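Residues annotated as active site, nucleophile in TrEMBL: B:D55. According to TrEMBL, the substrate binding site annotation covers B:Y113. Taken from TrEMBL, the feature domain 'Pseudouridine synthase I TruA alpha/beta' covers B:9-107, B:149-250.
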2 protein chains.
Amino acid sequence: MSVRYKITVAYDGAAFAGFQRQPNQRTVESVLEKAVTIMSKSDVPVRIYGSGRTDAGVHALGQVFHFDFMHEIPEMSMLRALNSLLPLDVQVKKAELVSDDFHSRYSTHGKRYMYRVSQGEFTDPFKRFYTGHYKYKIDIAKIEEALPDLVGEHDFSSFVAAGSQVTNHVRTIYEATVREDKENHEIIFEFYGNGFLYNMVRILVATLLEIGNGRRPVHDILRLYEVKDRQQARETAPASGLYLKKVYYPDELG
Amino acid sequence: MSVRYKITVAYDGAAFAGFQRQPNQRTVESVLEKAVTIMSKSDVPVRIYGSGRTDAGVHALGQVFHFDFMHEIPEMSMLRALNSLLPLDVQVKKAELVSDDFHSRYSTHGKRYMYRVSQGEFTDPFKRFYTGHYKYKIDIAKIEEALPDLVGEHDFSSFVAAGSQVTNHVRTIYEATVREDKENHEIIFEFYGNGFLYNMVRILVATLLEIGNGRRPVHDILRLYEVKDRQQARETAPASGLYLKKVYYPDELG
């Protein structure tokens, strides 16, 4: 009888070619599978299942994956053992024994993303991998006025990257916030919803920045819902500013 | 007639083999000289003069260098032009025209270093290049009690790395502080003095952490001044936590 572990993990995406396994690339998934496989002392690689992909350069504060393990060991021992086997840019935050019907991807009922934008004429050398940089002026009041347009169920066809193979573009956003961190010259967005399309958060952020800068009308997002045309949302904010903050499962609140 | 520029620069030391030029290595000095030389449109490399070296992995918030340039251009134009030529991990913060008797190294009358220590059982993936990690408990009150022992003129022979060729180990520390950033689980040191020996800040930090952890008596630094023996200070805190914060010149206060 095998047991199932749910693992919450943080990673710095800067040195990874994204989450998903790819031949000859350093990915988060391959690094995690390697650690879990070493622990299993098995000749067969242990497969892990992530809640979803993140792109190259995208970070995670609370990505979740699960795997099945041949013998039960205490949660804290699992956490410590994995951390001792993982490289320094990946860190297990939590290890939990879960029932066999838990699935990191199919049991999800929501995700929360954070996006950090750094301001100022030049990119801060310490932030180049950890923020998106936007050097133009931002009127945060305009963004605050636009954000309620995101909340609720909408067709996000204008906000999905060309590469996506998903055909249903309707998603629900429960919460969309922005705050200014004046001391660090940053603007920080958070989006909590039932699911996000490919590049959706990065396209939304780029659109919101254009609204804040006055290049778009404040309520342009309402128009973009109607036109369902990716060409009109134009920009995609860089991967470096994006953080998968939390993956939600039943019995967890936003 | 050439003019002299004083440049204040910040850099993320993580991807550099230190400040000083070395064959076949990516160093801050070589990157800066390349940018200045391109600007000069000359066939001859323009030499730059830093206030001092920093080791591989050590960061700077306010390193200073100077160079002579064949024609005078406005300070802001110099700043913008250099930033457009520099890689994203180096950023010019200030460009100033100075008199010919200014020398970034010989005119210095002090330096300020910061050292960031991250706490907790595991290293935060986002801090691995930007802090030194210390997982043991720290009683900050003990460190606060020890810090006044550093202030004043002392023989730091116990706190100089073996590789140093400097024979006079007497330096004056004007200010030594520590503060806890509880939200980020960090302890942040600052040292302001007239000069620092090779690895001196990193050896001091390691010694202070041992005092904070109770592995050394609170006033052990006074004993270490007496014994003048590097073996007794033992540890050197990692380069990743060290930041050259400011270089002082006459008419500047600490």
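Placed from the backbone N, Cα and C atoms, the Cβ positions cover glycine too.
All TrEMBL annotations are machine predictions without curation.
According to DSSP, the secondary structure content of the domain 'Pseudouridine synthase I TruA alpha/beta' (B:149-250) in residues is 32 helix, 31 strand, 39 coil. Averaged across the domain 'Pseudouridine synthase I TruA alpha/beta' (B:149-250), pLDDT in this predicted model comes to 95. According to DSSP, B:D55 (active site, nucleophile) sits in a coil region rather than a helix or strand.
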